[in-house]
């Protein structure tokens, strides 16, 4: 009995062991190096809202997007992103970062988007963003930034969107852009800061593609006439930054915050501004017209020779020597831009960017190129000529009908046809008597009867001939035209029809 109990216990233990092994084989394995407090999904790693005070360790190397927002991170360790060679987007918003430190983004050259918004950053030093050569979008809004080093963004050659709104910046260098340059930058948000002074010449020298998305609203700017004329011109040109936030552009009439008024709704504040001060602030773009297939050359003429020249196409493509990507545009050694054969895709604004040590600030020149299709050749036989020819032919036919005599053969045919249809071959005595009475009657017939009778034959009495059997002989004139009964005339003779009638008419 004891042997049987021991055997049963051993079998149960063996079955339990086999069941555990099978269960482990069914469950999916945990993701490779995924922290327990994070969520890993393919190449996305989310550690948001976990209350982290320090960076997690042993992150998966396959991550292309890392979300560490809504935590309590206070600092970033140098080189902490080195294992993440595939990282393209890093979200660090809503933390407690006060400084970035040198080397925080070393080995993150593949990063395209960096979100540092809603932190506690107060300064941005020259080397804080080293290693981000391919960065395209940088979000620094809703911090406490009060100062930017002159070269704070040096090395971010691919940066196109920079958001610095909702900070405490009191100045910004539009000439140097703190190391950014103008070749790639398309969006610059400086709204809701403490900007009290802006260099108007530097602002006017910016290219149009940057002015279009340069946000300066909600700043305590002074109500300056030059600034008013410049922003007014941008508003009239329909730049989106002015159009979208028209009511948010304000200025201070006095040096107190309570004197803030809206730029475009209180124009009476600027009624004493001279309009003559407006020209010269901003150079107008030069208008050029070209036809498809023509050659075009644009020159970047600056006040002094420039050492570096670059162009921006209407498609926001940076053009430097030797040529564009499609090969249709070439940048020559002297800095000019040449288009061999103009096409419709070349229509738009070309911007020349010139810089150099002898230039006080970067200069930009703009060319608005309008491309027109070649005019088609005029038609050799148009509708107007056809109409004129038809009128001439019609006039010739009318003149021939009026003045050309008809052919004799046609007249004989007409007379034969009319003789057969219009005049009977033998008339009865009753018909002759009716003709006499209608001719010699002194009372004209009624108007309706006259209108109804269309074919009337004129008859007359021949003088010198007596009536036969008590009747007057009626004769038709020898020149009686059977084809034209309306044009008949009485036969001329020595005696009139009245005297003929005096010989006496026998009526039955």
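Note that Cβ sites are derived from N, Cα and C of the backbone, with glycine treated the same way.
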Transmembrane segment according to Swiss-Prot, located in which of 384-404, 405-425, 426-446: 384-404
Can you tell me how many other Cβ atoms are located within 10 Å of the Cβ belonging to residue 223 (disulfide bond)? 19
With Cβ-Cβ distance below 8 Å and at least 6 positions apart along the chain, what are the contacts of residue 47 (disulfide bond)? List them in sequence order. 35, 37, 38, 39, 56, 66, 67, 68, 71
Taking Cα atoms as reference points, rank the recorded positions 107, 223, 225, 251, 352 by distance from residue 272 (N-linked glycosylation site) and give the first. 225
On average, residues of the repeat 'LRR 1' (62-83) score a pLDDT of 94
What's the number of neighbouring CB atoms sitting within 10 A of the CB on residue 273 (disulfide bond)? 17
Within the chain of residue 34 (disulfide bond), which residues six or more apart in sequence place their C-beta under 8 angstroms from its C-beta? 40, 45, 60
When secondary structure is assigned with DSSP, how many helix, strand and coil residues does the repeat 'LRR 6' (184-207) contain? 5 helix, 3 strand, 16 coil
